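TrEMBL lists B:40-57, B:64-84, B:96-118 with the feature transmembrane segment. The annotation Na(+) binding site is assigned in TrEMBL to B:74, B:77.
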């Protein structure tokens, strides 16, 4: 499948999911909990995908469709920034907490996703190796 | 729930994602440093655009805002790649990875704040 086609289809799924979760996840006293959850789950997912892709023969279109398309569109930086400014105007401390959690947990979750994926895939390969040996 | 909403956001996001891929491939050809200029520029430009759309479209034309703002800008910019690239860059250059993370945020917030002041 074509890369662009896969990214487009993934983009629809990711964007619509972000929109859908926005309706489901509450915003306690105006705190953008939906975007926080979406960005952190997406960071974990993209780290995991990269770990899987690095240790398996994943097709480039599939990796692009899921990574660049679906997860990339699911998470958002623009709404994060605009939402932070909006939150800061009513509650500065909440805005600070929002930014701090996003920036610390985002990269850490991406790292743990990648590590976990590499660990699981390598362990599976070892098991298969032992069985076939 | 209105079905049109996720469709507008989904289509806008899909166009944003393809645009992000295109810009990323182009910047990747021009940029020979380890610094992820592609995502940096995409996030900063997308944030400025969303600020402008929030100001001019959100109440004036809610459907168009869903397509261009929540959809296109939301899909064009990305937080997951920012997280992953920060980790990747950290392995090569710790200081540069922190600069990447905080300059993305700093410039994004300043632009969103400045455009908001305009209102």
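Just so you know, the numbers here start at 1 and follow the chain as drawn.
Every residue gets a Cβ built from N, Cα and C, even glycine.
Secondary structure from DSSP puts residue B:74 (Na(+) binding site) in a helix.
Over all protein chains present, the Cβ of residue B:77 (Na(+) binding site) has 31 other Cβ atoms lying within 10 Å.
Around residue B:74 (Na(+) binding site), a 10 Å sphere centred on its CB holds 32 further CB atoms from the protein chains shown.
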